[in-house]
Amino acid sequence: MGRTEDGTSRNGRRRRALLLAALLTATGPAFAADEYRGPTEPAKAPPGIKLAIVSCAASLKGCQIPAEAAAEAAKAIGWQTTIFDGKANPKTQSSAMLDALAWGANVIISSSIDYRSIQLALGQAKKAGVPVVSVGQGGDTPNALPVLEPGQLAWAFAIDPDNLALGRAIGEWIVRDAGGKANVVAFNDKEFDSVDTQHKGIMEVFAKCGGCTADEQSFSANQIATNLGQQVVGYLRAHPAVTYVYMPYDPAAFAVAAALRQAGLGKRVKLASLLGDEENLDLIRRGDVQVADVAFDTTYEGYAAVDQIIRHLNKQPLFEPHGENVPMLVLDKTNLPEKGNWVASSGYKEKFLALWK
Amino acid sequence: MTTDTSRSPAEPVATTAGGNDAPRPRALAAFLKRYTTLLILLALMAVFSGLSPQFLTSLNLKNLLVVQVTVCCMAFAAILPLIVGEFDLSLGYALGFIMMLGACLGGLGCGAAVIIPAMLAAGLAIGVLNGLLRIWFNISSFIATLGVGILLSGVTQGMSGGSVLYAGIPPILTAAGQDEVLGLGISVWLTLVLALVLVFVLEHTPFGRQLYAIGGSERVAFLAGIRLNLYKVLAFAGAGLLVGIAALFELGQSGGANPLFGPELLLPAYAAAFLGVTTYRPGYFNVPGAVIAIVLLAVGFNGLNLLGAPYWLQPIFNGIVLIVAVITAAAEGRQILK
């Protein structure tokens, strides 16, 4: 899995020159974030579809925004739709998916739910002939396909940003901000495949940066509400040379920002993160510990999911990559939206709706 | 209808309207008190059936039951220590640990013949450890079991390496968790058998009655010659074993072990155990009452989901049901004391 550039240049000098060029120019992927790179082939929406959307947790924006966007898109084309709440618990997520089947769904969107923990529900959906489509959990192009155990089930297809590119983008921003001499600790949460892939992307960049030092640390999501802040503060006290902290998603970064502030480390280190949550962007606006955040458009994900579902139901070929090139952008103080989340301004909603007529 | 004049007026018999009907309202009141939760459940099912055509379908009811087997086993596990006046707060963590153990062994290439006994033995060992800490070291069961639980959560995360483990789960487990026999999930049938076994053990054997006697009054039980310490350790051990069974079902259903999963099932298990006190044997922790309570809460979740209710309505519903039922139980308890 993964794209590696190690083999593209054996000449060290050339590689360093390429890296320098990258450092000077890169703040994200090699295309304009607001450029529409989704499908252009029309796909007429079939009528009378019941679309169920199971959100990993209604209280988490990362789960709920794509779910609500998909519901908005589905309603716009006259489909019946309901959002079920998975309450951040695999058991409830499985139960909600079974409720979606009982509700009579023709298709189910699963928003940020791990297929490895809901095999019962996926099995029932398969029996009922209902495709389950994922948003926000990896496992399809442009990311690596999952390696399944015998009998294990996964998604019909999945909509995701390019996770490796997200990691690379924030890594390159850090290297550039540090003038090629970043001393970084990058935290990873291996529970989520997408996060692990993003982590690989960021570490790939640091590995190629001759003047950088990068350490890897792990944590789990349930530490966010308890001792994650202490863990990071403890690490920084033991490693006074570290000046950049990377947290793999915004809720964790938000908790860590508070801990760093309280520990008096807010001025010593710069915090970077991934997702583009509004509260984290506010931290950047206020110059409060966090300095950068690589955001991707989660509303676009919802629309892209409905687009691919229409193509699937019409038996048309799916758009490649299956993630439909979710827009992404590294945000810092220079390019933040005035308020709220970052949303790509390519007019994609109108473009999608036009394709579905 | 006719009046049965052959019976004594004092007996609770069926009478015509206007006759000597005093015993009948009393019997009806007793029945209503005993089965309040069941009546709420039936009323709720009637309401949801009226509002959602999908509610009373076999697919929905089948699905509704199959996802409750783990919570059911966890509630049974909570009940055993509660009967003898103790709490086991390690249940959720233990579930996560035992699932992770099974997944780790599966990843190492072990088969069902190793994994299933190992998971059950781990549950039993955790229960025995809880019991010994409570009895030998005289630590409050709150603290002892919480300590064991936190310890287990660390071991679980260490075993997982922070990842979800799913390789090598034995097919027999996934079949037990996901397949059906006679129109119901295999795990549902197995849970029903387990419930019947527990009802028999708790209510129809000297062992069960002695457990209830300890919970009623330790002093009286001691004076009656019941070996308090042994029975308490056995209650904790039984709880651990039941968590082991819950872990088998859950691993089979989910198909993998998440290092963060488990603790969130503690509260639903205790909610069901306490709600169950209002039904079947009012005032006592009991298995049928817990099962009815679990189905009640599940019906609420399922019905609201099918109606497309906003997500914040479900906890409000659960909270109201729990409070109403506990108030009913408290009133029932006062009645029993009188």
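Note that Cβ sites are derived from N, Cα and C of the backbone, with glycine treated the same way.
Among the features that TrEMBL reports, region 'Disordered' is placed at B:1-21. Annotation source TrEMBL lists transmembrane segment at B:35-52, B:64-84, B:91-108, B:145-169, B:181-202, B:229-249, B:261-280, B:287-306, B:312-331.
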Whether the transmembrane segment (B:64-84) meets the transmembrane segment (B:145-169): three or more C-beta pairs under 8 angstroms: no
Winner by Cβ pairs under 8 Å against the transmembrane segment (B:261-280), considering only B:35-52, B:145-169, B:181-202, B:229-249, B:287-306: B:287-306
Any contact, the transmembrane segment (B:287-306) to the transmembrane segment (B:145-169), with at least 3 Cβ pairs under 8 A: no
Maximum Cβ pairs under 8 Å to the transmembrane segment (B:91-108) - stretch from the list B:35-52, B:145-169, B:181-202, B:229-249: B:145-169
Beyond the flanks of the transmembrane segment (B:35-52) by 6 or more, those residues with Cβ under 8 Å of it: 275-276, 278-280, 289, 292-293, 295-296, 299-300, 302-303, 306-307, 321, 324-325, 328
